[in-house]
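Enquirer: Dropping a structure here in structure tokens format, bear with me for questions.
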Amino acid sequence: MEKDPLRGTAAIPLSVPPSSYQALGDQHSRQNTVNGNQHRGFSVSSDDDMIDITTTGTVTERSIHYDDPGVSHLPGVTYCMGDGDVAADGDEIPGIGQYEDFHTIDWQRDIARDRMRHRYIVKRKQNSLFDLVKGAHDAWSGWVCVLLVGVTTGVFAGVIDIGASWMSDLKHGICPEAFWLNREQCCWSSNETTLSFDIGNCSQWLNWSEVLGQSREGAGAYIIGYLMYVAWALLFASLAAALVRMFAPYACGSGIPEIKTILSGFIIRGYLGKWTLIIKSVGLMLAVSAGLSLGKEGPMVHIACCIGNILSYLFPKYGRNEAKKREILSAAAAAGVSVAFGAPIGGVLFSLEEVSYYFPLKTLWRSFFCALVAAFVLHSINPFGNEHSVLFFVEYNNPWIFFELVPFVGLGIIGGVIAAIFIRANLYWCRYRKTSRLGQYPVTEVLVVTVVTAVIAYPNPYTRMSTSELIYLLFRKCGVTNMDLICDYNRNFTDVKSSIELAPAGPGVYEAMWLLVLALIFKLVLTVFTFGMKVPCGLFIPSLCFGAIIGRIVGVGMEQLAYNYPSIWLFSGECSTGKDCITPGLYSMVGAAAVLGGVTRMTVSLVVVMFELTGGVRYIVPLMAAAMASKWVGDALGSHGIYDAHINLNGYPFLDSKEEFAHTSLAADVMQPKRNETLSILTQDSMTVEDVETLMKETEHNGFPVIVSRESQYLVGFVLRRDLNLALAQARRAVEGLRPNSLVLFTSSSPQQPPEPSSPAPLVLKNILDMAPITITDQTPMETVVDMFRKLGLRQTLVTHNGRLLGVITKKDVLRYIKQLDNEDPNTVLFN
């Protein structure tokens, strides 16, 4: 994802009287227009977001309008109002409280808003039938929302699967009888056997050489097929890159690192918008069909979250509250994995383990329901025609032997090593792309990688086919009807229903092993350059493919070992009967889980996804052993999985809840500003409009603490820069006689010194003042501060000593401090 170099610049020390306060947010101020007027430091929400009005403050037994008057407030409690709220003096200030782009949300404020809204609805239930219905609607709106998200996600997934399958086969040929059918469906329409389809001799399907009047076999047919394969790949890839570049730059990549950051409480305008949804869906079909080494499973999570974001605006309870919206996005992420793998339970666990930051029990139930609905809809569409939701569904029946745990753990170790190598190489290339001229030519990069991929892939049958088909080929067992090289065993099938015997490998198996080794090297190298390009690209399928190839090779080796030495103690006599006791496809599945676990560092959700894929509950122990070994090796060779590594690379403000803060330091060591630096503050009753505007022009801070006076620096509250900008803009339009020397009051009482007779009326802005900000003392341990940021979802906390303001700690300050202690560059944290 491209970065604006102006965002995230360091805070500027201020020349206001001593006592110091440096930076809140370090967000670059932008010029934006509201109602024809330009104001520095705030922005109008995009069409994917809605403006709301929020007023915070400690209030005493007064009534504030929320759709209707009548909500009384208790003293000493901070309340926040939603859209349409009217301040205590009856003046509306439109837009107060909305978040700017690349800012962190205030979870506490948003949750307080929702609680106040809920109390009001409950209180009004008994007044009339309409209020009773309104209360019922509010209660089940969350379930209705996730129902719609699940249905829509299932439909999108079905369309993407069908479209990608058809266009992938289009590179090889066409079905003249019905051009909209892919190769498999075209052959179903004939009465030919599955055997002929596996060999590729289905008469209903015409290769491009036959379409052009040539024979099916021969050098001419091969050259025509080669050229058409490369041409279609180039066409699909160039379309995908052009669509992303022109219409939705956020539609590139996997999307999971950004989804994790958004679910942690970060705002990225447009990342979950309608254009991103459309272009990501179309671009994903094109990118997968181009034969690039990528998958569509990761981007399906992004697509599902786009759907969740868009549909949440049908329910103001979620659309106008960023914290509540993230409950819907967590459920949508579960639905995305559910339709990607046909694994609804694994999708829920993936959302819980990998992407969600705040996951209460209520969200767990809704995620389960959303994943269930999405899987049901996709199953009803039946995109692959096999009554399963994934292309590579297989079933195993043979039990595994106890000794096989050794090669299973070995596969886990190999998976962790390969994952660590891949992550390091991909990060190096992505960092080079960001810092070199290569980043200025994203479409050219896509086309070059596509040409290289297509030219090298075509000669090898295992790289020519789609990655999902290759994984299915590696997962499945060899039977009577499987005529691929990988199943070239010296078996004599006298009875189709008889059990498969343990047999020696024929020359085709050894040839297939060499081709698979070449395919592994090819795909591993090409995926390093492909992941992160400006097209939609996921990493689940390539990772599964790496591991599946390695697992199949190890599985064949174990199988031949069992055939040649069936009586040794390793096999416990299981193989002495001549029965097929080793399943190479099982090794392939375990290897796939190992590499995917090493790349993503998933554990529980990975195991559940894999056994849901295969229907093999009895293989949970091998999968668990491989997944844990892979994670341990991966953690030993690199501290982060691929998604966390890309979060760090992009400089997103993500505090990982799974990591511990192991350093002994205090809040005073981290707070801004440091000694001998200046403090940016507002006083409650002694600053003029001109003083406030000058302060905002000279600083780029996200907000300002309000103190009693410069002599008595006791904390009164906190006001956001955006709220202050909007309030001043509204006052210029609505208040007559407002002058630069008008006093700005953040208190309801008049200043101690009486104003001069000729002085203008003061501007009272107490309504935008948060009089109960989160505060800590300067001696608070930093591990406690980090836990507060993680568990309370804070944007910032103010640091005091005996009630006097000393400074502030923002999320960005914490992240920079952690990087500094870990001997990393703290300036890589770009946003806040």
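Glycine too: its Cβ is placed from the backbone N, Cα and C atoms.
Nobody curates TrEMBL annotations by hand; they come from automatic prediction.
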Enquirer: In TrEMBL, which of 300-316, 470-486 is tagged transmembrane segment?
Expert: 300-316
Enquirer: Given the ranges 539-558, 619-638, 719-738, which one is assigned the annotation transmembrane segment in TrEMBL?
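Expert: The range carrying the transmembrane segment annotation in TrEMBL is 539-558.
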Enquirer: When secondary structure is assigned with DSSP, how many helix, strand and coil residues does the domain 'CBS' (769-826) contain?
Expert: 23 helix, 18 strand, 17 coil
Enquirer: Taking a Cβ cut-off under 8 Å, which residues six or more beyond the ends of the transmembrane segment (300-316) line up next to it in the same chain?
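Expert: Hits for the transmembrane segment (300-316): 48, 50, 82-83, 141-142, 144-145, 148-149, 152-153, 156-157, 160, 254-256, 258-259, 262, 272-274, 276-277, 280-281, 284, 325, 328-329, 331-333, 335-337, 339-340, 355, 374, 536, 538.
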Enquirer: At a Cβ cut-off of 8 Å, and with pairs 6 or more apart in sequence only, do we get at least 3 pairs between the transmembrane segment (328-352) and the transmembrane segment (140-162), yes or no?
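Expert: These two segments touch.
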Enquirer: Count the residues of the domain 'CBS' (671-735) that DSSP assigns to helix (H, G, I), to strand (E, B) and to coil, and report the three numbers in that order.
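Expert: Within the domain 'CBS' (671-735) the tally stands at 24 helix, 18 strand, 23 coil.
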Enquirer: Looking at the stretches 140-162, 401-427, 439-458, which one shares the most CB pairs under 8 Å with the transmembrane segment (226-248)?
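Expert: When the Cβ pairs under 8 Å are tallied, 439-458 comes out ahead.
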Enquirer: When each of 140-162, 439-458, 586-611 is checked against the transmembrane segment (401-427) for Cβ pairs under 8 Å, which one has the most?
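Expert: Comparing 140-162, 439-458, 586-611 against the transmembrane segment (401-427), the winner is 586-611.
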